[in-house]
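Here is the structure we will look at.
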Amino acid sequence: MEKVKAKKHLGQHFLKDESIAKAIADTLSLKGYDEVLEIGPGMGVLTKYLLDKPVNTRVIEIDTESVEYLGVNYPKLKDKIISEDFLKYNINQVYENKQFAIIGNFPYNISSQIVFRTLEFRDQIPEFSGMFQKEVAERICEKKGSKTYGILSVLAQAFYDTEYLFTVSENVFIPPPKVKSGVMKMTRKEDYSLPCGEKLFFTVVKTAFQQRRKTLRNSLKTLNLSDKLREDIIFDKRPEQLSVEEFIVLTQKIEADGVQS
């Protein structure tokens, strides 16, 4: 079968550098799980290295042409190709009560959404590793005080330890993207339960960063906080000045004020 043609509307950029594919596969620790799901395998440059590992590898791919190519060229994937959109797929069809890692050279147009979906299933996903646009990979790992620190940074780091691993040139893709790429990894924290209401925590973080240049006193007005709470000095800060731990404290204060999630 001929090679798959990259489709712009799917954000496809096929990695052609074998050493980088192997390096991404090798970021997996293989600890605490024996199942791996690769998102957007394309023509399988990363898949071939995953299939050599002592884990049960499945792939999920929305592009029917890629699905056909994988079926022809990777017989080991027989019955392990999920022809679906990861963002809509019912993960528990395959992984109910199972721990599994996620890996991929992620489609750039949905990479942030892939992370948010991973957070939804964090009880089942101890490890997440892969390639993003460089700025997205950096944002996930960013610490407070940076202009790129935001919703994705705080929510990911609330449940996972994040690590930016290495930068990848535009020249190792077909077609080459317009920006550099970055590989990062998330490892679920040993204790990843929050000492505050999780739903309210998500609401506070998202609401705060929707008006990131304003102080929390102004950006969180819609939560109808009491005047007494709004006098707390934490509300003098802007959202990018708060660490993950400080967002948890902020949520606890808001909970104590009687605000429900």
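Placement of Cβ uses the backbone N, Cα and C atoms for every residue, glycine included.
For the S-adenosyl-L-methionine site, Swiss-Prot lists His13, Leu15, Gly40, Glu61, Asn105; matching the candidates Asp79, Asp85, Asp123 against that entry yields Asp85. According to DSSP, Leu15 (S-adenosyl-L-methionine binding site) sits within a strand segment.
Remark: of the binding-site residues Glu61, Asp85, the most isolated position is Asp85 (fewest other Cβ atoms within 10 Å of its Cβ). Counting every protein chain shown, the Cβ of Leu15 (S-adenosyl-L-methionine binding site) has 19 other Cβ atoms within 10 Å. Counting only same-chain residues at least 6 apart in sequence, those with a Cβ under 8 Å from the Cβ of Asn105 (S-adenosyl-L-methionine binding site) are His13, Leu15, Ala21, Ile24, Gly40, Gly42, Val45, Leu46, Gly130, Met131.
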